Structures are given as C-alpha cells and as structure tokens.
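As structure tokens, the structure follows; a few thoughts come after it.
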Amino acid sequence: MLECIYFYEEYIYIYIYKYLYVSERTSTEFLHCFCNHLTALSGSFFVLPNFIDPFADAKLFLTFFENPVVVSIAIMIWCVYFFLIYWARKADRNDIEKVGVNIAMDNSQEDKYTYLVCIITGWWNDAGTTADVSMVITGALRQSSKHALNDDGNDRKHFQSGSEDWFVITTPNTLGDLQSVTVWHDNGGNSPAWYKINLDMNLTRIIVEDLQTKESWTFLYGDWLAVDRGVCTTTVNLPVCTQEELKSIHKQDFMLKSSQDLRNGHLWLSIFSKPPHSTFTRVQRLTCALSLLLTTMLTNIMFHGIPTDDPDDQKTVGHITLSLADIVIGIESAIIMFPINIIIVQLFMKTKAKPLMSDVLKKKMKKAKQNKSTSTDKSTNLKNSAPKLLPWWFIYIAWTVAMTTSLVSTYFVMLYGLKFGYQKSVDFILSFFTSFFQSAFVTQPIKVIIIAVLFTLILKKPVELESRKTSVVQGEVSDKSERREDDNDDGQEKNHFIPLPLTKKLIEKAKEKLRIEGLVQETLVNISLYFVFVCVILFMVHGHRNIKESYLCTKAIEDIFVHPSHSEDTWVYPTDTLAIEK
C-alpha cells in the first residue's frame, strides 16, 4: 500500500488526498506522486503479501496431485501433533505423581516441630534410584531420629530423573542451627545407583527449611551414591554451606539458571523436559508449539518470493545484506505472528485449574465450618500471597483460540502452497525448516545462555527453585497433616522399618555381584555381536554367487539322488556298449 505524504512545520505532516495522491506511473521500483503545488514530499509503503482469495482459490485443492508438497507437510504436522498428544497426556499424568509435599511415614504424632526437606535429582534417564533413601539431620542442639524418605502410604515413585522431592520431617523440638545431613540408601531395586548430580550443574542441592523460623540451609554434593561408581559408597555426610560459599558458586548458579530456563522456558524443549511442578502442561505446550509453527509458516509463505529493494538501496555488512523491504516484512510478520501466540501462552499459564469436589475437599469443608475463625485467617493469608489467576473456564477460551489459529493458518498455508507450484513450494519448505531449526535449536538456546550469564555472573542474583511456593507448601503440609491425624484416630502409631546404612562387607558383596553381572552381560553382548558378524560374513560370501548355476547344480543332484526318474532304456547303452566281457 503506497501513500504520498505532505509535510509542513518541519515535523508535522498531514494527508491531503484531494491535492496529493499516487499516480498510475507508480511501479514496484518507483513511487510517483501527483501534486498541484511545490512542497516537501515524501512516500511511505507497506509491503503487501502474496495475494490469495480464500474462497475462489479453494478450487486449487483439485490440483493436489500436481503439487502435494506443502499440503502433505501440513497434514504430516497435524499427524505428528495428534501422535504426540497421546504421549504428552500420559507424561502429564506421570508428572502429577511427582509433585507435592510428602509427609514422612515415620513421623510421630507427638512431634510438632517441622522441617521441609528438598532433594534434587538430575534429569537424564539413569539419574534416579529405585532404592529406599533415608536421612538424619544434625543440628547444633541435637540430632533428629532416622527418617525414611518415602510417601505416606501412597504408591509414589521418588527420586526419579528430573524430580524435586519435598518431604516434611518432624522432631520433638528445634535442632538449632543445622550442621550436617547424612543420607544413605539400601541399594535395593533394579537400579539402585543414585547420581544426585544435576546434568547442568554437576551437583545436587539438598535444602532444609525450618517452617517455624523460615530459616533454610543448603547442602551440596557431586558424586554417585552407589557401590560400583564414584567413591563406592551408599552413605554420605554433607556439611552445611555457609553464605560465603553460596555466594561464590556463581558457576553452579549459572548452570542451574540455564537448566531451568531450557527445561521450562524453551517452548520446544520443554515439551519433553518440563519440570513436574509446572502447571503449564505438556499438552498445552505442544498445542502452543503447533500454533507457533503454523503461524510462522503462514507469515513466511505470505511474503515468500516478494522482490526486495534495488541492490543500490541495500546495505551490505560483511556477509549480511539489509534492505528496507526485508525490515518491513520482518516487522509485519512479527505483528501478525507474535501477539496471538503470546495471548495463547498467557491464557494457558494464567488460568486456574478446574476445581474438583472430591471426598477430601468435602471433608475439609466440613472441618472448616467447625473451625470457622481459624480457617478464615489461614485462607486470608494464603489468598494474599497467592498469585492472581484467571477463572478456570478461561481454559476453554485458550483452547478455542489456539485451535482456531492453527486451523486457519493451516488452510492458508495449503492454499499458498498449491498456488506457488511444485518447485517454488519445495524451495519454500527447505528455506523455512532450515531457518526454523536454526532458530529453535541454535538461537533460542544461545539466548537462554546469555540471560543466565546476565543474571548469575554479572548481576549475581541468587537462583531460586521454581517449585518452591511457600504458601502452597504450607497449605499442603497442613492438609496432609490433618489427613494423617484422621487416618490415625485410633491413637496407635505404626512402626516403620528404616533400613540402616550398608556395612563395608555388604558393599563389597554387592560390588562383587555387580561385577559378575557385568561380566555376564558383556559376554552375552559379545556372543550376540559375534553371531551377527558371522551372519554378515556368510551373506557376503554366498550372496554374490551365480544364482542360476547354483540352482541348476542343486536341481541336477536332487534329480539323480533324491527324485530319480530313470527309465529302462537308460541302462541299454551302458550294458551293450560299455560292459566289459569276461
């Protein structure tokens, strides 16, 4: 869209369509204006996208088999989306089992002093443990009893890859300033080796918080708890880190910050590495990624092949060539693409979860009526500290906007692809996916690293755990405490077995057993590889023989010895001619 502009008073301009207008001589290279007086003139332009009629051009779908490239890619994207939806839904259900605060089963009802313990496990595949983990907290005044770190009667898996496990441990009185924690496991299960080391930061953070005084202590560790790896032990004693030590670990803070941003902030990577505590589910992230991908395809194909400025009007800096048309197209694409996708993401992130009226909630409501004054003060404090979120029914608006945007973008992308022709469609697909993968897996991670460097190494801001929500945790602690009291109304406490740390003798036996299992596994692998190698050799030796000659030779031998078909005349010649007279 071209416009002629009339300037006056140096900086102020108005449009005078009666005396100043674009002439018919205007082309793609020049702007020609008609005016009835002499003045300072200027021109502005808005780069129009490739024209397409959404209704009249629908007949292009009849030419699908002549140019199926873009349409096939769009259909394949939707197929991959529906396939991943099934996996993402299943992964979201598994994440629900990993979040929440756990009340240690061996807590005594008489103990009222509570500590909140968080243990971070690395997020690669084999970082977790199947063993039973226990711990002891040592303070300046006294030492806590042994506590097994497991859930209160639920079949919940702890210390899985990428998990942050929160436990509530009770003691009769305060332990004072904490000095150390001792952690061990019983080397049980199929995969007992526990690497309490985060892939990105080469350490684990065990955080213990006093819920009464709000003080917290941090303990760092960076090795295996296993009988056959690292220092070959299942028990470790970790001293508390001082404030000076915490301030000096900027490198670890940088790795933790970059790890959090990649797992939770990178839209594409977070689909597979989302922290379990995040309410922005994998299904929602996958849908936002679909909308972003299709709208990006639309904005790219809208302006694909539009001529740029004259080479004389372009600026070249090194290997980069800039032109005004390219800049305008980039701005227009951003205006079309980013606002709608930002709205979709924010709607998913800022919407409350749909309330469910379960038996537990009904029981809590009944209790709340009996203790009206206490519950009112508590709920008021929680509401003041809780973030403001949209009503739960906004989730339907988010899904409607996301799916409508994706479907409309898909339709127009298909029309553009059918109108372009085969070769132009192939060129577009190659250029788009090249730029897309470069942006998603090169540019975005570099941006995350730069932000992490800015916050941790330059500004030196401390990194907080994203799953730490004080108000929510306190509310959940009280709720689970009430549930524990209800389950133990008979006044009898159950005795819970707490495994002791393994002795050196048991560790040596376990190490020898693992060594033998490793040798057996290695031998079986070698036998399998040797068998594959022999099959390859036999195939190479016999695979290049002349098949016709081999067949005829085999058939001749079978005809003589297996399926003989000799007549009586066969032996006349040998008998009469070759027989030797005595």
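We number each residue from 1, going along the chain as drawn.
Cβ atoms are placed via backbone N, Cα and C, with glycine included.
The model shown is predicted, which means the values in this text are computed figures rather than measured ones.
Distant neighbours of the transmembrane segment (69-88): 61, 271, 281-283, 285-286, 290, 293-294, 297, 301, 410, 413-414, 416-418, 420, 422, 425-426, 428-429; these residues of the same chain sit at least 6 beyond its ends, with a Cβ under 8 Å from one of its Cβ atoms. According to TrEMBL, the feature transmembrane segment maps to 69-88 (among others).
The domain 'PLAT' feature in TrEMBL is assigned to 113-239.
Annotated transmembrane segment per TrEMBL: 286-307 (among others), in sequence order.
Sequence-distant contacts of the transmembrane segment (327-348), counting only residues of its own chain at least 6 positions beyond either end whose CB sits under 8 Å from a CB of the stretch, comprise 45-47, 49, 267, 280, 284, 287-288, 291-292, 295-296, 298-300, 302-303, 306, 390, 394-395, 397-398, 401-402, 405. Per TrEMBL, the feature transmembrane segment maps to 327-348 (among others).
Feature annotation from TrEMBL assigns transmembrane segment to 393-416 (among others). Within the chain, the transmembrane segment (393-416) has long-range Cβ neighbours (under 8 A, six or more residues past its boundaries) at 50, 52, 54, 57-58, 60-61, 70-71, 74, 77-78, 284, 287-288, 290-291, 294-295, 297-298, 301-302, 304, 340-341, 343-344, 347-348, 350-351, 354.
The transmembrane segment annotation in TrEMBL covers 436-459 (among others).
The feature region 'Disordered' is assigned by TrEMBL to 476-495.
What TrEMBL lists as compositional bias 'Basic and acidic residues' is 477-495.
Residues annotated as transmembrane segment in TrEMBL: 523-543 (among others).
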Subject >> Long-range environment of the transmembrane segment (286-307) - Cβ separation under 8 angstroms, sequence gap at least 6 >> reply: 28, 47, 49-50, 70, 74, 77, 81, 84-85, 88, 267-268, 271, 325, 329, 332-333, 336-337, 340-341, 344-345, 348, 399, 402-403, 405-406, 409-410, 412-413, 416-417, 420, 424, 428, 431-432, 435-436
